[in-house]
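These notes are about the structure you will find just below.
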Amino acid sequence: MKILVKAPAKINLALDALHKRDDGYHEVEMIMTTVDLADMIELEDTKDSSIKLSSQNRFVPNDERNLAYQAAMLLKKRFNVERGLNISMTKTIPVAAGLAGGSSDAAAVLRGVNKLWNLGLSLDELAKLGAEIGSDVSFCVYGGTALATGRGEKIHRLPPPPPCWVILAKPTLGVSTAEIYNNLDLSNVQHPNIKEMVKAIENEDYEGICNNVGNVLESVTLNRYPEVLALKQQIERFGADAVLMSGSGPTVFALVQYESRMQRIYNGLRGFCEQVYAVRMLGDTQHLD
Ligand code: ATP
């Protein structure tokens, strides 16, 4: 049997870090939402009992370092499954971009393998398992929109924000999330107002959402990588409704309500940056699988 699962990218409409915890992680508050830019993953039963993975992307490992492989192996070991699996992934989400590509692949494998192997696990159970693989995997299991707290694994689901265009621009460099968090100086950041952002989403208040975007990690990435700052300033000059770096970067996204303005910004950016995407905000969970 063969099944196809979709792994959408996420953006952070707001990302706050409160303090560093004893386990080395930061206590965070993040507003996450999915966008219509997705990797596709094919899962197929095999005759032997091994797990194999292939992707045509040279930046993505084809072995146990791949988060999707780790997700399958976790289910196989935890539930003593004899069956083998072929995972074949088509990457569209840029790698090491702040868009949770690897985490979303892992979450899609958890959802898909749960079906393929008839494990009967709930989304809550899959999200809990996902947290063992990475902090963003739990959110990606549900998709949609959520407030993520703890180290990112505690998910409080939110309604979808009003639909709009999201322009994603990724500079050629890749950024390590660990490097950015390790250099975060919390005495010198502007914290986003997470409560106001939640309120704006609940009230379907597009302007309120645009007024409350914020990401404490910009204080590190924009300083260390001037090209990311230049890209953000360029998009601001083009006149987007809101502009923010996603996650630890380096992808910068813009929110735009009107298609004509989206086209103008998209066309302007294509001369400035190699990887530019204009996608819809998904926001709710019905787009998964
Ligand atoms: P996040 O936003 O959660 O910090 P990211 O978008 O910045 O994630 P990823 O695209 O997930 O970063 O990739 C980070 C690293 O993880 C890559 O450099 C790659 O070596 C490794 N990796 C493991 N599995 C995957 C996968 N399925 N897809 C992409 N990268 C993967």
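Heads up, the Cβ atoms here are built off N, Cα and C, so glycines get one too.
Curation plays no part in TrEMBL annotations; they are all automatic predictions.
TrEMBL has this to say about the protein:
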type	residues	note
ACT_SITE	LYS10	active site
ACT_SITE	ASP136	active site
BINDING	PRO94, VAL95, ALA96, ALA97, GLY98, LEU99, ALA100, GLY101, GLY102, SER103, SER104	ATP binding site
DOMAIN	66-144	domain 'GHMP kinase N-terminal'
DOMAIN	197-273	domain 'GHMP kinase C-terminal'
Task: Cβ-centroid neighbourhood (8 Å) of the ATP site, PRO94, VAL95, ALA96, ALA97, GLY98, LEU99, ALA100, GLY101, GLY102, SER103, SER104 excluded - done: ALA9, ILE93, GLY247
- [ ] For ASP136 (active site), identify the closest of the binding-site residues ALA96, GLY98, SER104, judging by Cα separation.
- [x] SER104
Task: Close-lying binding-site residues around ligand 1 among PRO94, GLY98, GLY102, where CB distance stays under 6 Å - done: GLY98, GLY102
Open item on the list: Within the domain 'GHMP kinase N-terminal' (66-144), count helix residues (DSSP H, G, I), strand residues (E, B) and coil residues, in that order.
Closed with: 42 helix, 7 strand, 30 coil
Open item on the list: If you count, for each of the binding-site residues PRO94, GLY98, GLY102, the other Cβ atoms lying within 10 Å of its Cβ, which residue has the minimum?
Closed with: PRO94
Task: Residue pair PRO94 (ATP binding site), LYS10 (active site) - Cα distance, angstrom, rounded - done: 12
Task: Residues of the domain 'GHMP kinase C-terminal' (197-273) by DSSP state, where helix covers H, G and I - done: 44 helix, 11 strand, 22 coil
- [ ] Look at each of the recorded positions, ALA96, ALA100, SER104, ASP136, and point out the one with the fewest other Cβ atoms around it within 10 Å.
- [x] ALA96
Task: Cβ contacts of LYS10 (active site) (under 8 Å, same chain, 6 or more positions away) - done: MET32, THR33, THR34, VAL35, LEU99, ALA100, SER104, ASP136, PHE139, CYS140, SER246
- [ ] Restricting to the domain 'GHMP kinase N-terminal' (66-144), report the mean pLDDT as a whole number.
- [x] 97
